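K.L.:
So that we are looking at the same thing, I have put the structure below in structure tokens.
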Amino acid sequence: MMQAKSNIILASASPRRVELLSSAGIEFEVVAGDVDEGLLSGETPEDHVVRLARAKAEDVARKSGGRFYIGADTIVVCEGEIMGKPKDSADAERMLNKLSGIPHEVVTGFAVYDKERDGVITDAVRTRVYFKHLRDEEIRAYIATGCPFDKAGAYAIQGGAAYMVQKIEGSYSNVVGLPLCEVVDALRRMGAIE
């Protein structure tokens, strides 16, 4: 277990991010942030996720008494389209049809914010994901599980959509929702863990 030098708060209610950070042996608390996740005009995918990650960390920092805050945001980018979480079944079906048989990228931005020093480390990590060709009935069956609705791009690589993925290039944990290697390095650089 990595020893935290001060309390660390994950500014996310995502069970996947909680599981990933726990797997690194880091002690932390969870307090969900509440920010507008809309895309700003002219914003690149990396700028978008880093801005939201930082906003989530700073939002939670204003409301709680910890020292170090981790914010994160994940999107899928396919043929220039930025995909967040689907609005409904039709949107999930549209996203999965678009991802079917072609590569796309998962982009996660994170921020490690030190409230005491008002310092922040941010970064965005890209992972290329290759989907197999999906049949319409596969897409409908997956949507019927309810799994797509709280996930960028309407799928969870660590869950029911694992069979859809032919290969990935880059960080697996990034696709799940938190680029663990980079986040742990940032926590060390910030002095949050030993």
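Each residue, glycine too, has its Cβ placed from N, Cα and C.
Residues annotated as active site, proton acceptor in Swiss-Prot: ASP73. The site 'Important for substrate specificity' annotation in Swiss-Prot covers ARG16, THR74, GLN158.
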K.L.:
By Cβ count within 10 Å, point out the most packed of the recorded sites listed: THR74, GLN158.
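P.N.:
Per the Cβ count within 10 Å, the most buried is THR74.
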K.L.:
Considering Cα atoms only, can you say which of ASP73, THR74, GLN158 is the nearest neighbour of ARG16 (site 'Important for substrate specificity') among these recorded positions?
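P.N.:
So, of the listed recorded positions, the one sitting closest to ARG16 (site 'Important for substrate specificity') is GLN158.
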K.L.:
Measuring Cα to Cα, tell me the gap between THR74 (site 'Important for substrate specificity') and GLN158 (site 'Important for substrate specificity') in whole angstrom.
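P.N.:
Between the Cα atoms of THR74 (site 'Important for substrate specificity') and GLN158 (site 'Important for substrate specificity'), the distance comes to 15 Å.
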K.L.:
Quick check for the class: what is the C-alpha distance, in angstrom and rounded, between GLN158 (site 'Important for substrate specificity') and ASP73 (active site, proton acceptor)?
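P.N.:
About 17 Å separates the two Cα atoms.
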K.L.:
Relative to the Cβ position of the residue listed as 'active site, proton acceptor', how many further Cβ atoms are located within 10 Å?
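P.N.:
So the Cβ neighbour count for the residue listed as 'active site, proton acceptor' comes to 27.
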K.L.:
Looking only at DSSP and grouping its letters into three states, which state does GLN158 (site 'Important for substrate specificity') belong to?
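P.N.:
SS state of GLN158 (site 'Important for substrate specificity') = coil.
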